[in-house]
């Protein structure tokens, strides 16, 4: 028999970013535009990589998967958020909340390790160019994307099961625009110590281990670049890393201050602002950053416009 303090939960209420009807209409237009740009930019990037023979390299193989994750990442949150902007009942079903929470955690972790894989690729390309084709073989590249997918989704499932194993009672209003872990935990009326510790350990390990791989890779990369005698050679070597470094800085900078701390009312309010950046702006900016700072991508876009890019399909 259920305790009278416990509730059979069928849906949650998402408080979103604002309750001002006028501002909601404006935000609907803004986030719809961001979402459409995100879809167009990332789909275009995937299409370029799949159809242009000049982009059939490990670096663009990883970038294609990064674009795919960004599409999934944005699509996991945006449609429901847009619907709630125009709806009086800003609800999400229990199953929908579970799925959104699982996918969000899984895709975030996957993206962390994709960025680490891309750093390893740049390390091999710059520090061991003669062995690049053998060390970054097709099988190795597939492994470097398969492992992050598996690790991300296993962690996402375990973390989400821990969250939804909690008992929810009283208010079911989630102080966020999607089903995020910290505000969900604050609704629980059962012991949350195990969940909080698990969230802290997984987030801390994921952030620190993936960032360690990236920093160590760039330590060797910068050492190799500074040994290049010509300024032109140094500039060319660094330019191959500039886009990746920009994305890493944006992504890690926003997420570091969100998950490696216990949830509280203040941290949840701050995390809503931070989440807008990495949930909407980061997936939109990633293909733009790679397009504007990469001559190969610019050339591929020009060839696509002229109808000359459909050469062969990548695996």
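Any Cβ shown, glycine's included, is placed from N, Cα and C.
These figures come from a predicted structure and were not determined experimentally.
What Swiss-Prot records for this protein:
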- 1-25: topological domain 'Extracellular' (TOPO_DOM)
- 5: N-linked glycosylation site (CARBOHYD)
- 26-46: transmembrane segment (TRANSMEM)
- 47-54: topological domain 'Cytoplasmic' (TOPO_DOM)
- 55-75: transmembrane segment (TRANSMEM)
- 76-99: topological domain 'Extracellular' (TOPO_DOM)
- 97-189: disulfide bond (DISULFID)
- 100-120: transmembrane segment (TRANSMEM)
- 121-139: topological domain 'Cytoplasmic' (TOPO_DOM)
- 140-160: transmembrane segment (TRANSMEM)
- 161-196: topological domain 'Extracellular' (TOPO_DOM)
- 197-217: transmembrane segment (TRANSMEM)
- 218-237: topological domain 'Cytoplasmic' (TOPO_DOM)
- 238-258: transmembrane segment (TRANSMEM)
- 259-271: topological domain 'Extracellular' (TOPO_DOM)
- 272-292: transmembrane segment (TRANSMEM)
- 293-315: topological domain 'Cytoplasmic' (TOPO_DOM)
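The transmembrane segment (197-217) makes no contact with the transmembrane segment (272-292): fewer than 3 of their CB pairs lie within 8 A, with pairs spaced 6 or more apart in sequence.
Taking a C-beta cut-off of under 8 Å and a sequence gap of six or more, residue 97 (disulfide bond) has these contacts in its own chain: 11, 12, 174, 179, 184.
Of the candidate ranges 26-46, 100-120, 238-258, 272-292, 100-120 contributes the most Cβ pairs within a distance under 8 Å of the transmembrane segment (140-160). In this chain, the transmembrane segment (26-46) lies apart from the transmembrane segment (238-258): fewer than three C-beta pairs between them fall below 8 angstroms, excluding pairs fewer than 6 positions apart.
Across the residues of the topological domain 'Extracellular' (161-196), the predicted structure has a mean pLDDT of 87. Outside the transmembrane segment (100-120) by six or more residues, the chain places 59, 62-63, 65-66, 69-70, 72-73, 76-77, 80, 92, 144-145, 147-149, 151-153, 155-157, 159-160, 163-164, 178-181, 184, 202, 206-207, 210-211, 213-214, 217-218, 244, 247-248, 251, 255 with a CB less than 8 A from a CB of the stretch.
Tertiary neighbourhood of the topological domain 'Extracellular' (76-99): same-chain residues 9-16, 24-25, 27-28, 31-32, 35, 107, 160, 164, 174, 177-179, 184, 279-280, selected by CB-CB distance under 8 Å and a gap of 6+ residues from either end. In the three-state DSSP reading, residue 189 (disulfide bond) counts as coil.
DSSP labels the residues of the topological domain 'Cytoplasmic' (47-54) in these numbers: 7 helix, 0 strand, 1 coil.
According to DSSP, residue 97 (disulfide bond) sits within a helical segment. Counting every protein chain shown, the Cβ of residue 189 (disulfide bond) has 14 other Cβ atoms within 10 Å.
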